[in-house]
Amino acid sequence: MADQTSVSIRNLDLSFGAVEVLKDLNLDIGAGEFLVLLGSSGCGKSTLLNCIAGLLEINAGQIHINGRNVTWEEPSARGIGMVFQSYALYPQMTVRGNLSFGLRNARVPKAEIARRVKEAAEILQIEPLLDRKPAALSGGQRQRVAIGRALVRHVDVFLFDEPLSNLDAKLRADLRVELKRLHDRLGNTMIYVTHDQIEAMTLADRIAIMRGGRIMQLASPGEIYNRPANRYVADFIGSPSMNFYEGHLTQDAQVFESGDFRVPLAAYPFDSAQPGGRPVTLGIRPEHVLTGPMAKTAPVAMGATVEMVEPMGSDTLVWARVAGLPLRLRMDGQAAVAPGDQLDIGLDLARAALFDAKTELRL
Amino acid sequence: MSSTDSVPGGRRPARPPRRLTRNMTAKVASIPMVLTALVIFVGCTVWSIVYSFTKTRSIPKLEFVGFDQYERLWSTNRWLVSIENLAIYGLCSMVFSLVIGFVLAALLDQKIRFENTFRTILLYPFALSFIVTGLVWQWILNPNFGIQKVVQDLGFENFAFNPLSNADTVIYGVLIAGLWQGTGLIMVLMLAGLRGIDGEVWKASRVDGIPAWKTYIFIVIPMMKPVFITTLVIIASGIIKVYDLVVAQTSGGPGIASEVPAKYVYDFMFGRRNLGQALAGSTMMLVTVLIVLIPWAYLEFGSKKRG
Ligand SMILES: Nc1ncnc2c1ncn2[C@@H]1O[C@H](COP(=O)(O)OP(=O)(O)OP(=O)(O)O)[C@@H](O)[C@H]1O
Ligand SMILES: [Mg+2]
């Protein structure tokens, strides 16, 4: 990953009146890194992004961008470009006007402005639109222009606040790929706010999952998916979400028990030796429940009864019951299962997750 | 065969339903109102215009005299003063209400405390009738117990502020009262317009490094064009209503220095029993209003069809 930090946030506090939104937040982002801030609505993602941009005055802490303390700098002096969910284009100006207004205001020479506008328009393929007004553009084109407005600033850090949320699903997928290409091509640091996990998983070098103004886990998409640090992250990532079972560890910490549901933990990769005999939560993703020939050879094998089947084309989601507990599992799209069937299943414990019932942290 | 039947439009009736009979009840119900509107607005307007070309004095008489009434109108000093006053009042109140209203709205929009209190205070005069406003400002501007007296009592013996008794300044005295009453409403309209601007546009312009005043002038105000057009119409209707204010505040004095066209019409109609002359004046006012209204209607409704 990046060898040099680009954005560094130290002990950031921010509150709106009496409402504390961000609490003692620390975050380091490497140069050229694509960091995604992911979390449910109202968790403070936009607020954090606005703090980095300088659009909100913070109550305490420091923000450094490229090694410079910018805590008290104006947004325009921080070396950032920003793209908004509502595009926020200047409606009375043409696309060219939108791209160049900030530069003209900063008294950049005319020739240089023309060069930068041309370059940005080429990268984003909006050259034919340069003389149109935003009202005459589609949503996708508008968002391209908004990205262009950040591009012409020639800054090191791009901030995106849910830039694709207002677009339809197909366009969103297209633009997502384009953003990824843009990042590969420019190599800028990008901080990207979204509540769409697909966007987060596909775009990010690292994902910061936020909840209630705190970062719950900061790691690569693979790590977050495979080794969620706590129950909230495990539940938040993955669709359909993880199966959770409340139970306890046996005294020797070798078996998870929840009534008749007993799972030997020999294959579970504990972070450290754990004392037994206490309440824990076992989580297993629907796609990590093995079926067919693999189920027989799995270290943990058992039988399940199918209750409901949801065919989704590429795969099939099966709602089943094992030892009286509900279990969702994902099977091949062609799997022939029907309610009432008995299934042999296995649990891929290497990819399961055990959480302490009280602290909700991974064991 | 069966597939052609299910094509949409395949079973379309041979004739479209009669336009006239659709929503018949509603149409019948609205006839009285349509008639009222036609008779009162269109009918009376036409009647006024026709009789402005006659010799009519107090009893309407269809004895045409061509443009005689208009010639007399435009050679009457009092009418000319009225027109001049209306022009000054109109122009100034247009400019100042817009500027002051917008600036107040922009100040209120800075997320200040007690915003509601300020808004209520500034909007309060609007709830008063022009008559009350006129009387209040007649007192405030009265040299013997208004502003001038108060400032002199504070020790500034030579202070003079007495616009109402000077023929050259009296219309500005009326203007102050008019602005005091009308600006609150303009401010509230502008504030609503400002609040309608997407906050992200402001953020974008801050990131672009554009100073606030430039953002207002080049981005926000152009985005508020519809609000401005509506506001202009409201100001224009206030300008035409200035009659009440003048009657209450100065009665057209000193002399004829603060006369306005509506007062001229009123006086000739009811005071001097010269209907023909009054109707000529009112027709001229109608022409002025149309000159204002037609471009507005074009701006407001014409562009939407294209857009
Ligand atoms: N101007 C404000 N005044 C008071 N509270 C605010 C303000 N802006 C945001 N908040 C609160 O701060 C919290 C975080 O808001 P924020 O906009 O950062 O959420 P978010 O994570 O971006 O959510 P979303 O995904 O819906 O955009 C919310 O609980 C919100 O109610
Ligand atoms: Mg947000």
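Just so you know, glycine gets a Cβ as well, placed from its N, Cα and C.
Features reported for this protein in TrEMBL:
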TRANSMEM  B:28-50  transmembrane segment
DOMAIN    B:83-296  domain 'ABC transmembrane type-1'
TRANSMEM  B:86-108  transmembrane segment
TRANSMEM  B:120-140  transmembrane segment
TRANSMEM  B:170-194  transmembrane segment
TRANSMEM  B:215-240  transmembrane segment
TRANSMEM  B:278-299  transmembrane segment
(message) Considering only Cβ pairs within less than 8 angstroms, which of the stretches B:86-108, B:170-194, B:278-299 has the most against the transmembrane segment (B:120-140)?
(response) B:170-194
(message) At a threshold of under 8 Å on Cβ distances, which of B:28-50, B:86-108, B:215-240, B:278-299 pairs most often with the transmembrane segment (B:170-194)?
(response) B:86-108
(request) Report, as numbers and ranges, every residue of the chain located at least six residues beyond the transmembrane segment (B:215-240) whose Cβ falls under 8 Å of a Cβ in that stretch; write 'none' if there are none. (result) 86, 89-90, 93-94, 97-98, 101-102, 106, 178, 182, 185-186, 189-190, 192-194, 196-197, 201-202, 205, 262, 285, 289, 292, 296, 299-300
(request) Take the transmembrane segment (B:28-50) and find every residue of the same chain, 6 or more past its ends, with a Cβ under 8 Å from one of its Cβ atoms. (result) 62, 279, 282-283, 286
